[in-house]
Structure formats: C-alpha cells, structure tokens
Amino acid sequence: MEEAHLLPAADVLRRFSVTAEGGLSPAQVTRARERYGPNELPTEEGKSLWELVLEQFEDLLVRILLLAALVSFVLACFEEGEETTTAFVEPLVIVLILVANAVVGVWQERNAENAIEALKEYEPEMGKVIRSDRKGVQRIRARDIVPGDIVEVAVGDKVPADLRLIEIKSTTLRVDQSILTGESVSVTKHTDAIPDPRAVNQDKKNMLFSGTNIASGKAVGVAVATGLHTELGKIRNQMASVEPERTPLQQKLDEFGRQLSRAISVICMAVWVINIGHFADPAHGGSWLRGAVYYFKIAVALAVAAIPEGLPAVITTCLALGTRRMARKNAIVRSLPSVETLGCTSVICSDKTGTLTTNQMSVCRMFVVAEAEAGTCRLHEFTISGTTYAPEGEVRQGEQPVRCGKFDGLVELATICALCNDSALDYNEAKGVYEKVGEATETALTCLVEKMNVFDTDLQALSRVERAGACNAVIKQLMRKEFTLEFSRDRKSMSVYCTPTRPGLVAQGSKMFVKGAPESVIERCSSVRVGSRTVPLNTTSREQILAKVRDWGSGSDTLRCLALATRDAPPRKEAMQLDDCSKFVQYETDLTFVGCVGMLDPPRPEVASCIARCRQAGIRVVMITGDNKGTAVAICRRLGILEDTEDVVGKAYTGREFDDLSPEQQRHACRTARCFARVEPAHKSRIVENLQSFNEVTAMTGDGVNDAPALKKAEIGIAMGSGTAVAKSAAEMVLSDDNFASIVAAVEEGRAIYSNMKQFIRYLISSNVGEVVCIFLTAILGLPEALIPVQLLWVNLVTDGLPATALGFNPPDLDIMEKRPRNPREALISGWLFFRYLAIGVYVGLATVAAATWWFLYDAEGPQVTFYQLRNFLKCSEDNPLFTGTDCEVFESRFPTTMALSVLVTTEMCNALNSVSENQSLLRMPPWLNPWLLAAVAMSMALHFLILLVPPLPLIFQVTPLSGRQWVVVLQISLPVILLDEALKYLSRKHVDEEKGRQ
C-alpha cells in the first residue's frame, strides 16, 4: 500500500477491513499470505563451485594459455629420446599456473560477503500482533506477518514490516531509521496523515519501516507492506538488478588479450607457411609430416613467447601491495581491480555526516543575558573549541579564555545541560576515543558541561574513563532528577523536575529545567536571568534574543539552537498529572530564560585542504545528504565545495527539485551540481547513472542499507567502517576511519599504482616482443632454435616477474595530484610509447639471436661454421659436402641457447633498471630510488645462475655453464640497451615538452 502515509489511520484500517482492537481473522490471514507471500526477503541463489571454477577461465589471456598448454601436451606425446621428459615440463608449468590462478579466484569469490544476504540481518525473527483468534497481544514469527496485521512495537524492538502508525501508547515515539534514511539522530513519529504524495521516507513521520529500531516509546501500527514490498525489499530488488561492470583495467587487459590472440595467430601462421619449403629437409628424415610438426612446434614456442604468462600474477601482486599501503591509510580495499580504478576517479560523491563532518555533535557557541533593562538587551556571547566528543576545549569570550564559574548565568546553563539530559560520554579504551551513549544532541550538552567545568573541579589526576563524566557528576550531586516530561511535537520541548540534595539548597525548593526549540521555549518565558537576578522579559529583549537565534541558524553557520530555561517555582509533583501528556505544556510555563546554545556536526579539520587537493587534481566533489538544503549548502561553503559568494542555482538541489527536472535537465544537473540535499536511495543511483553517461568515473560513499544499490552501481563504492554490513559488502572499499581524507589518499595511491603498472606492463611486453623477434628471426633465417619453450616460460614467469613486481614500488611522481584524471579508455600502449617499447623489444630479439650466432661463428670453443652453413644446418649430413668436417650434433649444443638465454635475461635486467621512470634519465632518477628493484634484479640473476649450475636444472632447461670470455660477450651485447632507452627517453622528453608547449 504505497499511499498509506497520505490517509488517516481509520481509512487505512478500512482498506484492510480490520479494527485496531480485533485484528485480522484467520481467514483474512490465509488470504493475505496467499496473495503477498511470506514476510521475508528471498535467499539469493549462490553460484555453484563448478560455475565459479569456469568463471576463472573466461579471461581471454587464460584461454590462450590453456590452448598453448593443450597443444604442447599433444606435441610432447610424440617426442622421442631425452627430450621426452623435458617436453612435458612446459604444459605442466602452464597448467599449474592456471590452476593456482583459479584456486585464488574461487577462494576470493567464496569468501566475499554477499550484500543481498547481509540484508537479512535486519529482519527480526519475532513480532507482536493482535489477531481475532486470540485475546490480547500474541508473539508470532515475523515471516508470518501479513499486510493488515495489527502490530505492536516497543523500545528495543526491530520493526517487522512497514507499518502505518495508528496509536502511540507513550509520550513520544522515537525511531532510529539511520540504516534506511541516513539520518544521524532518532526521529520522532506521530499518527497524523501527511497529505504529500511526493514525501520522501524522511518526511513520512507516520510510518515505521521494516528493519529500523524503536529508540524509545511504544506504539501500535497496521502492516501495509511485507517482504519484497517493504522499503528494505525495494533496496534488495535494486541491488539484485545491478550488473557488476568490469573495471577499466579488466577491460584493457581483455582488449590486450584480443589483440594478442590476433597477433599470435598471424605470426604463428606466417612462421609455419614461410618454412613449408623446409618440411622435407634431411633433418626430418625426408618426412614432410615430421617437418610440418617440427615447424608447428616452433609456432607453439612463438605463442608461448608472445604470451606474458607472468602478467596476471604481477598485476595481482602489485594491486595486493597497493591494498596494503591503502590499509595503512585507513582505506581497506575489498576488490583488487578497484585499486587501479581509483586512479581514474573524476567525481567523488560523498555523504556529509561522518565523512565530511565528524558525526560528533558539538556546541560551538552559547550566550547568556548580560543586561535586560527597558529598551536595551546585551548578551554575553562565548565560543567553544573542540570538534569531537572529547571533553577537551576552551570557552572564550572574544579572543580571551574565560573561567565559566565567574558567570552565574553559565553556572545555571551548565546545570540545565547536565540535568535535562539522558545521555552520557563514555571512553572506549579499545579504540582510544570518547563516544556518545544516547542522543547526539544531548551528548553535545554533556561534553559542553565538561569543557565549562563551572565548579573548577580538579581534573588533573583523573583517568580518561573518570574524566568522561566528572563535571556532570558534581552537578548531579547537588540536584536529584525526580522525573522527566518527555519531548512532544506540540510543545517542542522536554523538561526535568529536580529537587536539591544538599541541606543548604533545600530552601531554594524544587525546580523544573527546560530545553527545546528557541521560539517555543521563549514564547513561554515571562522573565530572563541576568547574572543571579531575575528580570521581566520585555519585547525588546525577546526580539533581540530571537534575532540572535535566527542569525546563528542561518547564513554560513546554520547552527542547531536550543533554548535553556528554568521554572523556579513549579507545582508540587504530587499535584502534577504525569499520565496526561497534554498537561505538560501547562507545567512548562512562566519560565525564566537562562541562555541558548548553538551546535553543529562540525566539518573534519583536514577535509577542506583535501577538497582543495581534489580540485587541483581535476576531481569534482559532490555532497549528497539527507539533511535539509540550508545546512548542506552551509557545510559546502565551509569546506570549499562551494565558494562563499557562489550562487547555488544549478549547483545545489533537493531530491524534490531534482525530480521536477526533465531527464535531460537531470543529466545536466549531475554534470554541474556540487550538492544534493534531502535525497533518497533512488536519487543516488540515478545520480551515478547520469554521471556514468558522461563517462565520469564515480566514487560513491555510503553507510546505510539505503546506500547499497548506489554503492554497487558506482565504479568505486566506498562504505564507512562504522556503517552497516550491507553497505560494506556492496562496496569495493571500506574506510576504517570514516574520513574523507582517506578517500583522497586512496585516489593518490590509485594513481601511483596505475603509473607503476604501466611501467611493468610495458617492461614485460617489451620482453615478450624480444622473444617473439628472436624466434621469428631464427625461423625466417633458418637458424637453430635460440630459445626453447621451457626457457621462455622461466623468463616470463620468474626472471622477468621479480623485477616487474618490484616496479610496483617505484616512488610516485611529485606532481601526481596535479594532473587531471586520466581517461579510463586510455590505451596502455599507443603511439610513441608503442614505438619505444617495440624498439627495445626488437633490440632484445636481435641481441638474443646475435649471442647464439656468435657462439656458432666466432667463439673459440664453438664450431666456427660459416653463416651459410648455419642457415642450412637442417641439411647437415655426412653425405653433404657443404658440411665436410663438421659434426652435425654441434647444432644441438646447449651453449648457443645458454648464450641467448643469458643475453635475454641480462638485457631485461638492464631494461628493468631503466623503468624506474617513464621519461626521466637514469641520471635524474637512479635505480637506487627503488631498493626493491635492485634486490629483485640481484635475485633474478641469482636464479639464472642457479639453473646454469645446479643439477638437474641444466638438464630441464637445456643449458650449460658459460666461461668468463662468454660472459664478457653477453655483457657487451646486453648493456647497449641502456643507451638505446636513454636516447628514446630524451626524444620522449622533447616530445612531451613540445606537446605541453602547444597546449
């Protein structure tokens, strides 16, 4: 029943053919259950283990590797001689890599919290209903409640369905509905109809929503929605309809996989076709089929060379290291790929309460009356420092600190704050912070009393736990609270009846202390306290006090003001009718105005500078809040989201104003707005959709159940550490300190990670280009294999993998937060950069082939054959006069492949040292700026020597130890790559500078 809030309670009952006293009949319950189903959220069917495993093989790069492993395995089955064992190493290694990758992927999926399932924690197990089959209230399972049921709720209960209130059985009914609406304080409810068909959930004060908690009071309501039809159920449907999108990095790697598969197919086919003329060479026994299979093996080796097998592992490691660095900055990343996405963030949509502000209500101003004579009224105004619940701060008058005990008015004000209060401060020793116990507004008053210390209590020797309530305790020793007249909507105030506890104070008699909305309280005041005197409240004083309250409540401050007053001679408590709340306003009359306090949820001190950094980095910050527009705009101005004098037309919208716009106007509003106030969950999702239509990468914060759909829809969903389990499980990142500054630090880390990722991806790809050039060149020229597949796997996975991972530790550029967000569709490698890494790769390939060729042609320990003989080595036989005096087995020696492998590894280590910076010279950014890289290079070289020297590794990798002379040649061939890359960097710097000059 969508319109329940519009109708009087009696009309709602008639719609369901039910009475508040009798409830539904068994027949009505049966019909309703058949029509609406059980009152529960359906369980989401999870993926089976088999489905999860198959998902891990959807990546194109993984499928290419799987195909290569399959072909290698088939070819290994046909090997003969000593190569039979080693031939199976390659497919085995590839399969082990894929299995490990799949295990990690499935484990992560299995351990990820399910956001939709987490919603079920807000479903109560039991409910209290009135039905005609039994007298009085009966407890039933919450899932059995149906629309039309008469439901009773009381303090501490979780609301079991969406209810339209029909009767409040206590003075007030307050509900904590923060999980649904994001409101930081509990909300007072009533039973009156709300004639507004467009009211948002925050304004539906006659409704109780499923999953929210009763903070105080007792009430009866009629269930108007159950299960998926509740507001909680609608959120579940929104979340279920959100399809997860692949991150920019995943999309780029997919595209890279597609390009790689096409390139591999073309190159492998070309190698095989080019060598058709060699299929029947004597080396293949004259068999055309054996020759075809031989060159097919070379094509497979080429495929293995072209695939950067270590890339997935290196990327995962780099992202994992990034998450650890982010965790140290209070940003806990739940989804690895989102680390890189943070670097693209162009819009941050942030909650106000707790993220941009401290969510710790603080009194920052107060006043008492200094003089109130005929025609004049002068106020003593004070400011109070401190933005948290910590009882630490100064009270100042102007610029001077004051001792509050010197002002009689402040002593009485502190007394009212301490006694007209049901909340307290508590020191959480585990967290090391002061926390509220009770209402935020009242806790702010408790904290104010501690800061004022009107009786000059000695606080030095107290522990933090004792300090939390020391000054309040002193006041409570002087007066005893007898009872409380709860807050009500009609009088907008609450009061306490107190009697003195000390003999010296008994003569003063009992007092009533009142706090509430200034207009309402001052209207009932007949006098005003000036120091210790009581002076009649004249019209001038009344107007001046109200003008000051209006001034504090508007403009740049928008403080929440509370008036504090005393009734010096209240009726005797025996004469008061406490069970009739309509009489409360009569008891709270003839009041004496004491003072006023102004409080706010203060902005976090560090946020303004972070927003300035975002602006410098080209990131737009948008505040989205459930608060009213005036408060939201004021906070935006204080933080620098809006300029002090900036016109808010087209920059700030309420949810209703946003709804009034056409779809095209809404899109435009999302592109220009800085503030959205009084919004509902659906608004957040629409804002994200509109921003995504402009290709903006959006980070969205949230903490309530209501935020989960938008968190799931945004590229980066950011949940608060203090938020609900639903929000956390729908988000990619959780802020352990709920602080906006941590988001900015995470964005900076994301940019640095992407910059480093580009370096190691290009480093790995240039290595693969070198391997492809090497195999392609040997195949075209008809030379013996310089590298075999198992060696290529070793280089791609291990010797290249370590430096590539270490490149993830490169220091970030100093100007990283001075650049605009990069386009998420920007290619990893394009244009000039592609040429640079192609040039390096071609050099690596040529150097590798040159090393193997040098051993055949020039090494004193080699055969010293001619280049012509080398190109025709497949025709070598005892009968061929071209090879007279040459042992044909020399062409199967391990020395040339060892030379080639050593040059490949050494060249790649030089290439890694060159990758500390994309464009800066080694002289400007030397390798020791990244000590991890130096360690990785040393480790890779050590592993290379390991496979050369330690049995049985030389047999597996088909290598052998080299002589000192041979190592000198390896270095001579490898080191020039540094000079080549330095030259390319120089050209790149000139190219970049010219581009900047043109811009």
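The backbone N, Cα and C atoms fix where each Cβ goes, and this holds for glycine too.
Listed features, source Swiss-Prot:
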{"type": "BINDING", "residues": "VAL304, ALA305, ILE307, GLU309, ASN796, ASP800", "note": "Ca(2+) 1 binding site"}
{"type": "BINDING", "residues": "ASP351, THR353, ASP703", "note": "Mg(2+) binding site"}
{"type": "MOD_RES", "residues": "MET1", "note": "N-acetylmethionine"}
{"type": "MOD_RES", "residues": "SER17", "note": "phosphoserine"}
{"type": "MOD_RES", "residues": "THR19", "note": "phosphothreonine"}
{"type": "MOD_RES", "residues": "SER25", "note": "phosphoserine"}
{"type": "MOD_RES", "residues": "THR415", "note": "phosphothreonine"}
{"type": "MOD_RES", "residues": "SER662", "note": "phosphoserine"}
{"type": "TOPO_DOM", "residues": "70-89", "note": "topological domain 'Extracellular'"}
{"type": "TOPO_DOM", "residues": "274-295", "note": "topological domain 'Extracellular'"}
{"type": "TOPO_DOM", "residues": "778-787", "note": "topological domain 'Extracellular'"}
{"type": "TOPO_DOM", "residues": "852-897", "note": "topological domain 'Extracellular'"}
{"type": "TOPO_DOM", "residues": "950-964", "note": "topological domain 'Extracellular'"}
Counting other CB atoms within 10 A of each CB, which of the recorded positions SER17, SER25, THR353, THR415, ASN796 comes out lowest?
SER17
For a quick check of understanding: among the recorded positions MET1, ILE307, which residue's Cβ has the most other Cβ atoms within 10 Å?
ILE307
Three-class DSSP assignment, ASP351 (Mg(2+) binding site), comes back as strand
Just how many other Cβ atoms lie inside 10 Å of the Cβ on ASP800 (Ca(2+) 1 binding site)?
30
Who are the long-range neighbours of the topological domain 'Extracellular' (778-787) in its own chain, taking Cβ under 8 Å and residues 6 or more past its ends?
271, 274-275, 278, 295, 298, 301-302, 305, 771, 848-849, 851-853, 856, 870-874, 891-892, 896-897, 900-901, 904
Consider the recorded positions MET1, SER25, ASP351, ASN796 and say which one has the Cα lying nearest the Cα of THR19 (phosphothreonine).
SER25
Could you give the Cα-Cα distance between SER662 (phosphoserine) and ASP703 (Mg(2+) binding site), in whole Å?
29
Under DSSP, is THR415 (phosphothreonine) part of a helix or a strand, or is it coil?
helix
THR415 (phosphothreonine) versus recorded positions MET1, SER17, SER25, ILE307, ASP703 - nearest by Cα:
ASP703
Validating a neighbour-count step here. Other CB atoms within 10 A of the CB of SER662 (phosphoserine): how many?
8
With a Cβ cut-off under 8 Å, give me the same-chain residues at least six positions beyond the ends of the topological domain 'Extracellular' (950-964) that come close to it.
86, 89, 788, 790-791, 794, 861, 894-895, 897-899, 901-902, 970
In this structure, the one of the binding-site residues ASP351, ASP703 whose CB has the fewest other CB atoms within 10 Å is ASP351
Taking every residue in the topological domain 'Extracellular' (852-897), what is their average pLDDT?
84
In whole Å, how far is SER17 (phosphoserine) from SER25 (phosphoserine) when you measure between their Cα atoms?
10
Top Cα neighbour of MET1 (N-acetylmethionine) in the set of binding-site residues ASP351, THR353, ASP703
ASP703
Just give me the nearest neighbour of SER17 (phosphoserine) among the binding-site residues ASP351, THR353, ASP703, ASN796, ASP800, Cα to Cα.
ASP703
